[in-house]
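S.K.: These came from TrEMBL, pasted as-is:
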type	residues	note
DOMAIN	17-143	domain 'SMP-30/Gluconolactonase/LRE-like region'
BINDING	E19	divalent metal cation binding site
BINDING	R105, N107, D125	substrate binding site
Amino acid sequence: MSMHLEATLAIDARNTIGESPLWDAANTRLIWCDNAHGIIQEGKSDDNGNWFQSRRWNLNRHIGGVVLRTNGGVVVAAGTDLLILNDEGDITPFAQLDADPKQIRANDIKSDPQGRLWVGTLGNDILTSSGKVIEGQGALYLGQTGLNYTDVNPPVRTFSI
């Protein structure tokens, strides 16, 4: 038995690649990115449940995603940079991936329960001239040494990517 569901457009943001939705419960807002245009957007609903785009920040660069900060604002994965964006739109450099920005860029970012950042990357040219995906080009970047699973307190039993 199949169920018919109908979707309603809440905000006509006209994103090229709209992704990385993030619900900020403390501020009752939805944050998401238009990766292709480098725009971070915020949506809120009014008292009648109607959604509207309340703010947008144009970073003019590829954005892989955002995560909330405990003290307000978000951490943005943009290119090979991690940036802090506050609600006023001020940007502060936070960290940089040890990678060639001509070859890769951040494609996703999440935080675990301990507040550590996990950043996924994407090759800037994942297709060969024949249009085939290049296999086996992944890499792992080490962020901290000297830790093992038992160092996490409380232990993380499940982590999904």
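Cβ atoms are placed via backbone N, Cα and C, with glycine included.
TrEMBL: automatically predicted annotations, no manual curation.
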S.K.: Within a 10 Å radius of its Cβ, which of these binding-site residues (E19, N107, D125) has the fewest neighbouring Cβ atoms?
M.R.: D125
S.K.: Are there any residues in the same chain, six or more apart in sequence, whose C-beta is under 8 angstroms from the C-beta of R105 (substrate binding site), and if so which?
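M.R.: When sequence neighbours closer than 6 are ignored, R105 (substrate binding site) has H62, G64, A78, G79, T80, T121, L122, N124 within Cβ distance under 8 Å.
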S.K.: Take the C-alpha atoms of D125 (substrate binding site) and E19 (divalent metal cation binding site) and report the distance between them in angstrom, rounded.
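M.R.: Just about 20 Å between their Cα atoms.
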S.K.: With DSSP as the reference, give the number of residues of the domain 'SMP-30/Gluconolactonase/LRE-like region' (17-143) in helix, strand and coil.
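M.R.: Going by DSSP assignments, the domain 'SMP-30/Gluconolactonase/LRE-like region' (17-143) contains 3 helix, 67 strand, 57 coil.
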S.K.: To the nearest whole angstrom, state the Cα distance for the pair N107 (substrate binding site) and E19 (divalent metal cation binding site).
M.R.: 10
